[in-house]
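Engineer: Mind looking over this structure? Questions follow.
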Amino acid sequence: RFIIHGLLYIHNLHLWLTSFRQFYEENKPFTCLDGSRTIPFDRVNDDYCDCRDGSDEPGTAACPNGSFHCTNAGFRPTFIPSSRINDGICDCCDTTDEYNSGAKCENTCKELGQKEHEVLQKMAEITKEGFLLKQQLIQEAKNRQQEKQSKLTELQNNKKELEEKVEALRTVKETAEQPEKEAKELHLKAWEGKVDGMCDQLIIVFLFFSVAVAELQTHAELDTDADGTVSETEAQGLLGGVDHVDTASFEKVWDNIKDKYVSEVSNNSQDSHTPDITRAPPTVKTPPKKDEDEEAMPPYDDETRVLIDAAQKARDNFEESERALRDVDDQMKNIEKEISFDFGPDSEFSYLYSQCYELTTSEYIYKLCPFNRVSQKPKYGGSETNLGTWGTWAGPEDNKYLLMKYEHGTGCWQGPNRSTTVKLTCGKETTVMSTSEPSRCEYLMEFTTPAVCQEPEAVISSLHGHDEF
């Protein structure tokens with residue numbers, strides 16, 4: 001990481017030097033960089049400050065607000081503030097900044113140049129290997145893109161077929177459910193009718209349990225000798241020659257009178273002569289209530305069972321086809337979502353999708369899931385904190401793919417929602433290098449990946465040729 005940062009500094013400095021070189025041309029008048037005046041070139045570096053910005057004295061300490069140019073032959077040129085000239089501290093590796101201070105400085109430019117060369121070589125190797133890996137990632141991304149597109153086309157065709165199948169099975173299901181419904185309704189009605197009949201019979205039975213001879217005499221429909229009245233003798237005869245009957249005795253006489261009696265009760269249910277069914281003689285006990293199992297609806301007959309099984313099979317087939325259709329829809333949505341992401345000019349970042357990378361520190365475990373979210377979890381137990389969900393690429397205009405922005409994480413106490421900026425640098429490995437919190441609730445994560453490695457020749461050539469003024 002430090003090698004990369006050092007090279008970037010060298011690169012930027014070289015660009016600065018190169019950009020200003022055009023203003024220092026011998027045998028041509030020199031214009032101060034702030035545009036304040038123009039002077040003959042022989043007054044540049046004459047140890048007298050002519051320009052207010054000190055730009056005419058890059059090689060002397062004449063201007064207090066100027067910059068001194070360290071030639072640093074064998075290493076790389078640099079600038080230091082003019083205030084540091086002859087201050088007794090060696091700033092330039094070639095010792096030129098202390099030419100009149102008496103300080104004992106050693107020229108270390110050759111040694112520094114050798115170290116920098118080693119750094120450049122190492123960087124060149126990393127960049128070369130990283131760039132080769134990047135080419136592999138690009139090729140794999142192309143293959144993966146073609147596979148995804150082919151899969152999406154296949155799923156689209158399957159969806160059409162499944163939609164047709166679902167509608168066909170819906171019709172089969174509805175067709176099978178109609179006779180099932182009718183058969184169940186008939187079964188229910190038959191059972192309800194039987195129960196109603198049993199209830200009517202029980203009412204009649206309890207009615208007779210609760211009446212005496214005198215009460216039967218009020219029912220002219222039970223007249224046996226057709227004289228229009230029921231005599232005491234006739235009533236006793238109906239009850240088997242006694243004034244009251246028990247269950248066993250009543251069942252023997254019930255078959256002879258039930259049809260006529262029921263008919264009369266049906267036709268005269270509101271008649272004032274209807275016996276009081278709420279009054280039961282003390283000698284008659286109410287029969288115990290039947291168990292729930294005895295009152296439950298009986299099983300369906302074989303024919304109805306066949307219809308139920310057929311309808312259930314049709315429902316199962318329909319539901320299975322619906323599940324298959326939903327599964328296809330989910331797969332299509334996932335592929336379309338993945339395809340929609342901006343994975344770089346050549347999709348070189350696509351390999352990061354659906355992957356997560358962790359960094360463990362002394363206190364926390366940080367997890368980066370590219371194109372998804374960043375999180376933080378205490379190392380020794382505790383809940384996870386969302387440090388931001390995928391937002392956008394946020395690098396500079398010339399290469400936006402150097403920074404990732406994750407936003408709208410868990411809110412800080414009396415503060416903003418957490419967010420994370422991920423800085424991407426070239427490396428052979430894909431790994432989280434470091435994490436920090438430069439501002440409250442704003443995190444910075446450094447992440448190396450081959451996907452950002454540039455072509456080696458382009459990087460190294462930009463760092464060579466450190467010409468001097």
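Quick reminder: no glycine exception, Cβ is built from N, Cα and C everywhere.
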Engineer: Which residue range, 138-179, 390-431, is the one TrEMBL calls coiled coil?
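Structural biologist: Among 138-179, 390-431, the range TrEMBL annotates as coiled coil is 138-179.
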Engineer: From the DSSP assignment alone, can you count helix, strand and coil residues within the domain 'MRH' (354-455)?
Structural biologist: 6 helix, 57 strand, 39 coil
Engineer: Can you give me the average pLDDT across the domain 'MRH' (354-455), rounded to a whole number?
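Structural biologist: Result for the domain 'MRH' (354-455): average pLDDT 94.
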